[in-house]
Each structure stands twice: as structure tokens, then as C-alpha cells.
Amino acid sequence: MDSAAAVSFDANGTIGAYQIGVLISYVLLGVTTTQTYIYYSRFPEDPAILKALVAFVWVCEVAHAICIAHALYQFTILDFGNPERLFSRLPISLDVAIFFSALIEQSVLGFFSFRIYTLSKKLYVPILIVLVTSVRLLGSMVTFVVTLRLPSLQSYTAHWGWLSIAQWCAGVFNDVLTTAALVVLLYNQRTSAQRRTVALVDKIIVWTIETGMLTSASAIFMMIFYLTMKERMIWLAAFVVAARMYSNSLLASLNSREALRSMKTTQVSLQSLASRPGIEILQTTTTNAVVDITAKFPSQPQSFQGAASTKNADV
């Protein structure tokens, strides 16, 4: 290795940062795998389309993990003693990871856009989310092709860096729009719910905000690191973690139905992807909680009905 290159090479900000990102990504992959197991074991009655979505996202996550691990192996083992290769052509496996990351995001946001549709029975917000996500997917495909052809990472940041910035901005917009739409719809349910169900709806709102903040924060961090430390690989480390945020937000949303069962003051049916749109809250004198999500298209509108012993509230 050239002595001048050895002096100027910053392993902490390049290989070190990427390695930390890969390690964090693998920890989150373990969380994703655990949540996937919990989902299939606790919700065997969910429709096949929802089970297929979870399986597809998990497979994409595993493929993404293999790709980023191969890139780390090339950086640390195959190119050991030759740091100048770090700034040459990116490993093909890292390019493929971009493809899988885009598929994961498209799938998860498609799920949440359909949830918004079933809650609101309106198409304009879901269509906007799908359009922006599709543009991001197209941008990721362009990035994938471009990075295969360019001679170095520096060439990409110099000539195509604007494309990554545009994708991250679009991602933040989509995440904020999705979270805001769900919160507004849930808040409308809160205002019409009975006093005993307000705490439950508040809990769902908090979970929605938390999962939305995770995905948007990851895109913001990538953009900040890229704009301030472009010559380092900290932004690339944030990229390999970002895909896990989307998959875990999907699984947390599905598996939270189990936690809602522990709220013993009401009986709840969360039908954000149901044969009937909305969140159905059933107040009874029992202490059971039932939370179901199905994936049938809505067939009839819901209304608020009151009875002496049971009250249903659909959004």
C-alpha cells in the first residue's frame, strides 16, 4: 500500500462507518425475523395476501442483508491493503441492495396507502402516496443502472448525487404524508368514540406517529450525512439501516394487534384492511380484546350504531 494513501486514508469514517451500519442492520434484521415469526404464529387466520406481503418483505430483507454483507467482505478482506479501491467502482452487491431496498419501501408504503383508503374511503391521498413511491422506485432503478456504469463512488456523488437527494426528500414527504393521514383519520375516530375507548385510540395514534418518525428520520439522517460528509461513508451506513425501518414498521403495525388485546376495558376490532373499512370499537361488559386485520376490499360503508349493551364505532 502506498504510504501517502495510508496517511490520508480515514478508516473510521469509511470502512468503520459502513461496518457499524451493517452491524446495526443485522441487529434490526433479527428484530424483523422475530416479528415475522410472531406474526405467523399469532395471526394464522390472516388472509393469504397479507401473509404473502410479509413473506415477500422478509425475503427482500434477507437478500438485502446478504448484499450489504458481501460488500463489507469486499471492502475489508478482498481489498485489504488497497484503500484506493474503496473509492473505485462500487461492489455490484451494494448496487443490488439498492434494488431490494426500493422493493421493501414500495411494498410497505403500498400497505399503508391501502390502510388509508379503507379508513377514509377516498383515493386521492393513497394515489399520491403510490405515485411518489413509484417515482422513488424509478429513481432507485436509475441509481442502480448508473452506479453499475460509473467508475467510482465519487463520480456518482459528483454527477448524480442530486438524484439521491431528490429520492430522500420524496421519501420524507411520503412518510410524513402517510403518518399525518393516518393520525387525522384516527383522531376523527377519537372524537366520535366513547370515553372508555379514547385511551385505546390514543395508543394507536402514538404507535402510528412513532413508526412514521422512524422511517422519515432515517431519510433525513442520510441526507444530512451526505450533504455534510460526502467524502465519508456515514451516509452509506445510514442507507443500509433504512430498509429495516420500513419492514419493522409494517410488522409492528400488524403485531400491535396482540398488544391491544391486553387492554381489558374494551373489545376492539382494528379493521384497517378489512371487509368493512375503518376501526371498529366494540364496547362490552367483558374484559376481552380482539384485534383483527384482514385484506379484503371494502364492500359497504360503516356507520356508528348504539345499543344498550354493545356500541360499534367504525372509521
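Every residue gets a Cβ built from N, Cα and C, even glycine.
Predicted automatically and left uncurated, TrEMBL annotations should be read as such.
Within the model, the domain 'DUF6534' (172-258) shows a mean pLDDT value of 83, rounded to a whole number. The domain 'DUF6534' annotation in TrEMBL covers 172-258.
Listed as Cβ neighbours of the transmembrane segment (20-40) (distance under 8 Å, sequence separation of 6 or more from its ends, same chain) are residues 46, 51, 54, 58, 61-62, 65, 68-69, 72, 236-241, 243-245, 247-248, 251-252, 254-255, 258. Positions annotated as transmembrane segment by TrEMBL: 20-40 (among others).
Long-range contacts of the transmembrane segment (52-72) within the same chain, counting only residues at least 6 positions beyond its ends with a Cβ under 8 Å from a Cβ of the stretch, are 18-19, 22, 25-26, 29, 32-33, 36, 39-40, 90-91, 93-94, 96-97, 100-101, 103-104, 107-108, 111, 240, 243-244, 247, 250-251, 254. As annotated by TrEMBL, transmembrane segment applies to 52-72 (among others).
Per TrEMBL, transmembrane segment is recorded for 92-112 (among others). Sequence-distant contacts of the transmembrane segment (92-112), counting only residues of its own chain at least 6 positions beyond either end whose CB sits under 8 Å from a CB of the stretch, comprise 53, 56-57, 60-61, 63-64, 66-68, 70-71, 74, 129-130, 133-134, 136-137, 140-141, 143-144, 147-148, 171, 174, 178, 182, 239-240, 242-243, 246-247, 249-250, 253, 273.
Per TrEMBL, the feature transmembrane segment maps to 124-145 (among others).
Per TrEMBL, transmembrane segment is recorded for 165-187 (among others).
Look at TrEMBL and you will find 207-227 (among others) tagged as transmembrane segment. Remote same-chain residues near the transmembrane segment (207-227) are listed as 157, 161, 164-165, 168-169, 171-172, 175-176, 178-179, 182-183, 186, 234-235, 238-239, 241-242, 245-246, 248-249, 252-253, 256 (criterion: CB distance under 8 Å, separation of at least six residues from the stretch ends).
Here the transmembrane segment (233-254) has Cβ contacts under 8 Å with residues 13-15, 17-18, 20-22, 24-25, 28-29, 31-32, 35-36, 38-39, 43, 50, 53-54, 57-58, 60-61, 64, 68, 97, 100-101, 104-105, 107-109, 111-112, 207, 211-212, 214-215, 218-219, 221-223, 225-226, 293 of the same chain, all six or more residues outside its ends. Annotation source TrEMBL lists transmembrane segment at 233-254 (among others).
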